[in-house]
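Below: the structure, in structure tokens.
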């Protein structure tokens with residue numbers, strides 16, 4: 001139907017007769033001449049209709065925004081003074097000779113260039129119109145390029161694209177499963193996969209050596225700006241490769257991706273132990289663009305006559321830490337109060353601070369409600385350790401180590417954003433040497449990653465001291481966002497059973513939920529490992545989007561609903577009866 005895309009035309013097409021198809025982006029009537037900006041996925045072309053061609057002129061006069069049209073015309077240079085340098089097609093225009101309306105359109109609920117004044121709920125309800133916006137179309141096209149580059153790299157390195165089941169069984173992987181009732185096995189349920197984890201391990205046992213998949217995954221959890229109930233990951237697994245080899249290969253893949261699509265050189269990724277990340281940045285995904293660091297001062301505060309500090313300082317599970325903000329004296333009392341409210345989200349009971357007005361005067365040069373509780377020698381040691389200068393502000397966290405890390409880690413990132421402290425645009429790294437387990441609130445233990453991650457020690461040492469054992473896990477982090485996480489997997493059944501036992505999974509549960517895996521590990525499972533990248537988050541970062549909803553064609557809301565299709569929805573009594581399911585209405589208390 002067409003000879004060219006709208007956005008393809010340029011000065012090289014001058015004097016050519018062309019045919020275009022697309023949507024009317026804008027219609028203008030200038031002194032008896034009608035201008036139509038016609039849009040398709042490649043861009044916009046200006047088309048001119050003059051009264052000399054009465055039939056096409058009359059049609060052009062009748063069209064409105066978002067009409068679908070087909071037109072023929074002659075490409076010509078724009079008159080002097082009308083060139084638009086902001087458009088790819090800004091040097092030319094098309095003199096329209098024929099026009100056909102392929103479909104009329106109702107007035108859209110919002111104009112494409114006015115989307116910022118429209119609520120997101122309106123845009124998502126009319127997503128088929130929202131997706132016409134050039135900005136969103138560019139992001140969708142960029143996403144397609146990302147998957148194309150990644151596929152090419154993996155194909156070129158001997159990986160096989162193999163699909164794994166979507167209907168599987170529920171396994172404990174950290175989040176709630178989406179369940180699908182079985183009609184043929186009444187009373188039983190499938191689960192949608194949270195990841196292809198077990199199947200890709202079985203593919204390694206089967207001898208496929210290198211596997212990848214652009215996989216849909218599902219998790220029924222509370223949503224944030226970077227989470228969706230269904231999401232896409234680039235899933236990778238390989239046999240006979242070490243932790244270092246897997247990291248080097250996937251780093252090369254991401255470096256190549258950024259270079260090819262954005263001409264950005266990410267360089268070599270530094271590697272940081274988990275303990276250092278938590279101690280210095282309060283996060284296992286530190287944003288290294290921000291130069292602020294967290295410094296432990298528990299030893300300085302252990303003997304002070306201030307229980308808010310001395311209590312956590314002497315508690316084996318507590319921590320007192322400081323965060324220096326260079327030039328932070330300029331922060332107002334209201335700003336400090338706002339930051340105090342912010343850290344309360346993470347369980348902090350308050351946010352102590354000291355303003356350094358004159359570091360040479362330890363008696364009167366420090367401004368703070370808490371400074372009176374700190375002996376002069378503690379003040380001096382504190383300023384020396386933090387390398388504080390006049391004009392700096394020091395925030396403190398004092399609580400359990402977990403709360404201090406989370407609160408000051410989040411505050412560090414918020415300060416970096418609020419005060420624009422970024423020192424570079426891109427800061428990748430690997431976080432390594434994760435603990436195998438962490439303690440739960442009820443005194444039990446849970447896997448930091450998942451129960452199939454291999455430890456760095458023997459089963460005997462793991463049993464003897466599970467909370468000090470390290471895992472062979474690694475996370476790729478970019479700008480404070482986890483791009484991908486992976487590990488070497490357990491490939492021996494005895495080790496897998498040991499991990500299950502430590503997680504208090506009984507023999508019966510092991511057999512019921514993981515019997516197929518334990519059996520497979522007894523039939524010659526090779527050493528193997530892998531990694532999964534969050535595709536949505538990767539594209540979000542690369543396109544500078546604030547939410548992954550901007551890089552997914554049909555996203556869900558933060559309440560896990562689709563405003564376009566009104567999913568999830570009720571089903572008929574007939575369907576429920578076929579599944580032998582009865583809906584129990586919630587009891588409303590009067």
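Even glycines carry a Cβ here, placed using N, Cα and C.
The model shown is predicted, which means the values in this text are computed figures rather than measured ones.
The ATP site in Swiss-Prot is built from 219, 220, 221, 228, 534, 535, 536, 537 plus one of 135, 163, 460, 482, namely 482. Per Swiss-Prot, the range carrying the annotation region 'Aspartate' out of 189-192, 193-196, 197-200, 201-204 is 197-200. Burial estimate for the recorded positions (30, 219, 489): highest at 489, by number of other CB atoms within 10 Å. Residue 537 (ATP binding site) has a Cβ environment of 22 other Cβ atoms inside 10 Å. Taking Cα separation as the measure, residue 489 (L-aspartate binding site) is nearest to 535 of the recorded positions 30, 221, 535. In this structure, the binding-site residues under consideration are 221, 482, and the one with the smallest number of other Cβ atoms within 10 Å of its Cβ is 221.
Secondary structure at residue 535 (ATP binding site), taken from DSSP and collapsed to helix, strand or coil, is helix. Taking H, G and I as helix, E and B as strand and the rest as coil, DSSP gives the region 'Aspartate' (197-200) the counts 4 helix, 0 strand, 0 coil.
For the recorded positions given as 81, 449, 535, the lowest number of other CB atoms within 10 Å of the residue's CB is seen at 81. In this structure, the CA atom of residue 221 (ATP binding site) is 55 Å away from the CA atom of residue 30 (site 'Important for tRNA non-discrimination').
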